[in-house]
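*Asks:* This is the structure I have questions about; it appears just below.
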Amino acid sequence: MSVDLNGLVLNNPVTVASGTFGFGREYGEYIDLNKIGAIAVKGLTLEERQGNPTPRVVETPMGMLNSVGLQNPGVDYFIKEELPYLSSYDTKIIANINGNTIYEYCKLAEKLSNTAVDALELNISCPNVKEGGVAFGRDPDMVYKVTKKVKENTDKYLIVKLSPNVADIKEIGASAESGGANCLSLINTLIGMGIDIEKQKPILARGIGGLSGPAVKPVAVRMVYEVSKAVNIPIIGMGGIMNYQDAVEFFLAGAWTVAVGTANFVNPMVSIEILEGIEEYLKRKGYSSIKALVGQLKF
Amino acid sequence: MSVDLNGLVLNNPVTVASGTFGFGREYGEYIDLNKIGAIAVKGLTLEERQGNPTPRVVETPMGMLNSVGLQNPGVDYFIKEELPYLSSYDTKIIANINGNTIYEYCKLAEKLSNTAVDALELNISCPNVKEGGVAFGRDPDMVYKVTKKVKENTDKYLIVKLSPNVADIKEIGASAESGGANCLSLINTLIGMGIDIEKQKPILARGIGGLSGPAVKPVAVRMVYEVSKAVNIPIIGMGGIMNYQDAVEFFLAGAWTVAVGTANFVNPMVSIEILEGIEEYLKRKGYSSIKALVGQLKF
Amino acid sequence: MKNRCYCKILDNIEIAPSIHKIEMERVDGLGNIKPGQFLHIKCSDALLLRRPISISYAEKDKVGIVVRKAGEGTVSLCNRKKGEILDVLGPLGNGFTVNDGKRVIVIGGGIGTAPLLELVKNLEEKDVTVLVGYKDMPYLVDDFKKYVKVVDVATEDGSVGYKGYVTDLLKAKLENDGADIIYSCGPEVMLKKVQKIAKEYKVKVQLSIEERMACGVGACLVCTCKVKSEDGVKQVRTCKDGPVFWGDEVMLGE
Amino acid sequence: MKNRCYCKILDNIEIAPSIHKIEMERVDGLGNIKPGQFLHIKCSDALLLRRPISISYAEKDKVGIVVRKAGEGTVSLCNRKKGEILDVLGPLGNGFTVNDGKRVIVIGGGIGTAPLLELVKNLEEKDVTVLVGYKDMPYLVDDFKKYVKVVDVATEDGSVGYKGYVTDLLKAKLENDGADIIYSCGPEVMLKKVQKIAKEYKVKVQLSIEERMACGVGACLVCTCKVKSEDGVKQVRTCKDGPVFWGDEVMLGE
Ligand SMILES: Cc1cc2nc3c(=O)[nH]c(=O)nc-3n(C[C@H](O)[C@H](O)[C@H](O)COP(=O)(O)OP(=O)(O)OC[C@H]3O[C@@H](n4cnc5c(N)ncnc54)[C@H](O)[C@@H]3O)c2cc1C
Ligand SMILES: Cc1cc2nc3c(=O)[nH]c(=O)nc-3n(C[C@H](O)[C@H](O)[C@H](O)COP(=O)(O)OP(=O)(O)OC[C@H]3O[C@@H](n4cnc5c(N)ncnc54)[C@H](O)[C@@H]3O)c2cc1C
Ligand SMILES: Cc1cc2nc3c(=O)[nH]c(=O)nc-3n(C[C@H](O)[C@H](O)[C@H](O)COP(=O)(O)O)c2cc1C
Ligand SMILES: Cc1cc2nc3c(=O)[nH]c(=O)nc-3n(C[C@H](O)[C@H](O)[C@H](O)COP(=O)(O)O)c2cc1C
Ligand code: FES
Ligand code: FES
């Protein structure tokens, strides 16, 4: 069930979302990574990052808040120590990159350009870093600029990951497209907070965190739908996908491919189960390819 | 447990949210309406409105999408037929008003000025009307302008209700404050979509709808916290409050009062139960008034 | 004051594939019950909203519902076990008007037959014909037979009774015998046919309809439907003003 | 490949107020179990994430856990009934290192005593002292006594055994007899004291710690804690690199 994202060809349209799958090793013990369309690795930064203090997680009604804060070993370590393992699988590798400045994004792109990664995912939307991050994702001009600059610094297929914490996501998506993005991925997490009423302080050490999981699905589906009407590049849809039915909602709304995030934590085998479910659905509904389903919402 | 919202004094800090409590009659069969701090009535418009076609509701993971679309009998009917009933109770009445233009908002305010309503709630955030609505709520200048104009046309206590579908809610709240709002209420619903994968069309006849219920609580608490740091006027906090623990989260985050919405649908008695829970919590924690709890988050 | 009720499940049996009959305690809080009213039931902790389920029959100390597994909520409900406690709101809605006319036809389709059981129990003095239609496996037929002599069954696949739609039986009955009033509950397509046939034969008809609900008590306005009246088309709430409407007024699927 | 397992609940009994011992089938998928490892359990449909619960004991065909009702998840888990199926992931984590030293002290506090049971079962050849502390009502004491002679109990209110903290007993034991290694699990305040005392008496110590988790398998990085090593402070994952750490390395509550 391969899918061609205008240049990036995946074996199938079920990928895993950045930050929810580490660098693949852990879930490699549960599933055959060859069966996943692509793996978006944990967000990378130029230097190693310690991330935020713990607690870093709160469970919320059918969702979770995380404030990992981009803990990662740095891009050089990734290239040397993690990429070879990942490359041994027949799956696409998406490097999720995170800078505080346009310069840092470009530097990251440069470093990854001559490696085995198949695509870069520009995370301009992580709510868990203090500078840069969110500001980038909210301002259409900045989105255009950072996309364009990164694109100038790499030959890699470029995905821009959008933040849902905006008033008009169509506009942001369109800016990324103008800047030269090959593909958009959405949504990243919504910003939220959880409070311990006995201790009278936020549960997360950092106060706020990113909301993911089923709770956000209705917002994610709406945004994918909106953005798909506003751009002409492929979309990777995500946000609360727990089963094949959820995935099909995203395809109908206009996603070419889906990414599974939080659901991995609940069921390490879920991505494979979702893939199988999609296959059956396509058969049952008489579609010959996933592409035929994309954007078929009757509305 | 009375609370003074800088001029609007409520018997207690548990109110019910607009659109979830009709004009009070239905839940008046289940609870003593005198025991509620305030009732925000269903959103009013100048003329009677039919609202959107059905289906108007989708259940989502720990949330619901609605697209009622401001069905209401019009402000004149409200004043004549519903207000007398409501006025017979010892509770504050908040008239939630909805216009497509600044003129309409002003006209609504004027019509309600010499009536028994205790406060106006300017809904600049309803996602279920085609013109006006959302656009107002997203643009700080418009928010300033509409607030100022309405304030000029009424002596009533003025609440401005904020939309969560914005990039920076602090900015919007501050604009409403500058425009002369006496109080802010938040959050209204997040915009979402649900798809029927068998019929391959949106479940809501109108496609999109407003997400409410526990799913949105982390976003709501975060926004109340942010806005409370940015303004000096009282806040009515709402979004997914199901029990007293949720309510206390909002108080700690900076809400002076809470509003219960979707929870009424699950349990018609919930507002009273929440009130009792808050009373016990205050006693247990040694607070002499609700005001003493507001904004006490240690962070 | 009204209140929500906690009713212990007395019995839960599968009476046909994916169809469960659940009997619960009739606690005092439930008060009076009219045929055609429904309960708004919290089916599971994992689901936010309640689900509307008709009262199928009410006895002195128990209430019965018949549930079809349609999705997550009804599946959870059907999985609830004897001894567990159900959180219910109700009885809600207007219910059928039972004092009109002598010769009565009661016509139900599928799970729509459930509320008609309590109805026929309340039509004892009348001359009642029950027509019930199913896709394949009928259920509740014996229950109807406890109260009325004539219970005609139709199945789409012909496995039991007449092969075809139950509305064909209605037409035949009206053609042969006529009637003073028709009561009906079932899927929308069926109700539309019943409405049309009733109009054709100039017989009064009450239809119990379904609409997605949130509050169930009339406050949220998500469940509206349209009725024609003298002063034009009006929007009414299925949960509070319905679910039973007069066939010459309610506008189905509009 | 690893997989999640569905284990039937064989028994669920309340062994002290709000403390349940739940026994489940040891299905093949669980594989080998080391003392100190945990299961990541889906406690209820209404909750998204799993909850980490230590394996308290493992027998040929069953696995036991001991659960304290702490919040929604553990309350749901304790309410699960015999015959129901638990969805579990595991065994996860590193577990205790059991081959160090002859004279062993095992010290647990509250629900932290649970995983120590499987540990003492695996220390048969050793000279083991078990010290367990509780607020008031002790539990699992008789189970420990099946495997070791010396089981000293402390309760904060003095209702059973020594009145005071279990760490007082540890101090006394080290003062009188010394030890080669200490194993400990319990609340953070207790672990900190154990860590300090062990350092004071220059005894090696392994601490099983708790951190909020999401994935439980090492992928999400929400559960990190800090350990000191020769090349400075490193962040490690409690779920995968722990939950058992050496006392001279792990930095508690930092
Ligand atoms: C007044 C009334 C009486 C009813 N009586 C019965 C009865 O006696 N027995 C019975 O089995 N069913 C009855 N139904 C239908 C029953 O309410 C739905 O099958 C049920 O709500 C489906 O919920 P679900 O979670 O199982 O399915 P899903 O399809 O997962 O439900 C998703 C959402 O759609 C709504 N929904 C789906 N189908 C319907 C429907 N047909 N009507 C209203 N809402 C729907 C649900 O409430 C829920 O919000 C009645 C409906 C109404 C309005
Ligand atoms: C490795 C490990 C082993 C454990 N073994 C046991 C055991 O054998 N028996 C037992 O009763 N408990 C054990 N716990 C603690 C148990 O996981 C928590 O009590 C439980 O997660 C609380 O969930 P809740 O929904 O009941 O409470 P809530 O307080 O409602 O939980 C809210 C959130 O906080 C997290 N959380 C709360 N307290 C803890 C805690 N102490 N540790 C980790 N996360 C927490 C939950 O996972 C959940 O995400 C262990 C914890 C860890 C990390
Ligand atoms: C623990 C955690 C860590 C995440 N880290 C990253 C990250 O490093 N980079 C990124 O772009 N997105 C990150 N995300 C966001 C996810 O990739 C995804 O966009 C989001 O979780 C929504 O999908 P879901 O609801 O399926 O989880 C993270 C999410 C979670 C839950
Ligand atoms: C069915 C429904 C109708 C609503 N109608 C209105 C409305 O007319 N005016 C308004 O300002 N908010 C309206 N709201 C939003 C609520 O007042 C509230 O802001 C929102 O639901 C969040 O709170 P909750 O999660 O507790 O429901 C409506 C919400 C629901 C669920
Ligand atoms: S369901 Fe709320 S008005 Fe009918
Ligand atoms: S819980 Fe995910 S890494 Fe430990």
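Note that Cβ sites are derived from N, Cα and C of the backbone, with glycine treated the same way.
Owing to the predicted nature of the structure, the values given are computational and were not obtained by experimental measurement.
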*Asks:* Please pick, from A:LYS42, A:LYS92, A:LYS145, A:LYS148, the residue that TrEMBL records in the substrate site together with A:ASN66, A:SER67, A:VAL68, A:GLY69, A:LEU70, A:ASN123, A:ASN188, A:THR189.
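*Replies:* Record check against TrEMBL: substrate site with A:ASN66, A:SER67, A:VAL68, A:GLY69, A:LEU70, A:ASN123, A:ASN188, A:THR189, extra candidate from A:LYS42, A:LYS92, A:LYS145, A:LYS148 is A:LYS42.
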*Asks:* Please state which member of A:LYS161, A:LYS170, A:LYS283, A:LYS285 TrEMBL lists alongside A:SER18, A:LYS42, A:GLY43, A:ASN96, A:ASN123, A:ILE187, A:GLY213, A:GLY239, A:GLY240, A:GLY261, A:THR262 for binding FMN.
*Replies:* A:LYS161
*Asks:* Between A:GLY69 (substrate binding site) and A:ILE187 (FMN binding site), how many Å separate their Cα atoms?
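*Replies:* Each residue's Cα considered, A:GLY69 (substrate binding site) and A:ILE187 (FMN binding site) end up 17 Å apart.
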*Asks:* Does DSSP put A:ASN123 (FMN binding site) in a helix, in a strand, or in coil?
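*Replies:* The residue in question, A:ASN123 (FMN binding site), is strand (DSSP, three-state).
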*Asks:* For the domain 'Dihydroorotate dehydrogenase catalytic' (A:3-282), would you mind checking the mean pLDDT of the predicted model?
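*Replies:* Across the domain 'Dihydroorotate dehydrogenase catalytic' (A:3-282), the average pLDDT comes out at 95.
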*Asks:* To the nearest Å, how far is the Cα of A:GLY239 (FMN binding site) from the Cα of A:THR189 (substrate binding site)?
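*Replies:* Pair distance, Cα basis, whole Å: 8 Å.
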*Asks:* Given that the record lists A:LYS42, A:ASN66, A:SER67, A:VAL68, A:GLY69, A:LEU70, A:ASN123, A:ASN188, A:THR189 as binding substrate, what is the largest C-alpha to C-alpha distance among them, in Å?
*Replies:* 16
*Asks:* What is the separation, in Å, between the Cα atoms of A:GLY261 (FMN binding site) and A:THR189 (substrate binding site)?
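*Replies:* About 11 Å separates the two Cα atoms.
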*Asks:* Taking Cβ atoms only, which of the binding-site residues A:LYS42, A:ASN123, A:GLY239 fall under 8 Å from chain D?
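*Replies:* Cβ contacts with chain D under 8 Å: A:LYS42.
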*Asks:* For A:ILE187 (FMN binding site) and A:SER67 (substrate binding site), what Cα-Cα distance in Å is obtained after rounding to a whole number?
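*Replies:* On Cα coordinates alone, these residues lie 16 Å apart.
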*Asks:* How far is it from A:SER67 (substrate binding site) to A:SER18 (FMN binding site), counting Cα to Cα, in Å?
*Replies:* 14
*Asks:* Rounded to the nearest angstrom, how far is the Cα of A:GLY43 (FMN binding site) from the Cα of A:THR189 (substrate binding site)?
*Replies:* 14
*Asks:* Quick check: in three-state DSSP terms, what is A:SER67 (substrate binding site)?
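*Replies:* SS state of A:SER67 (substrate binding site) = coil.
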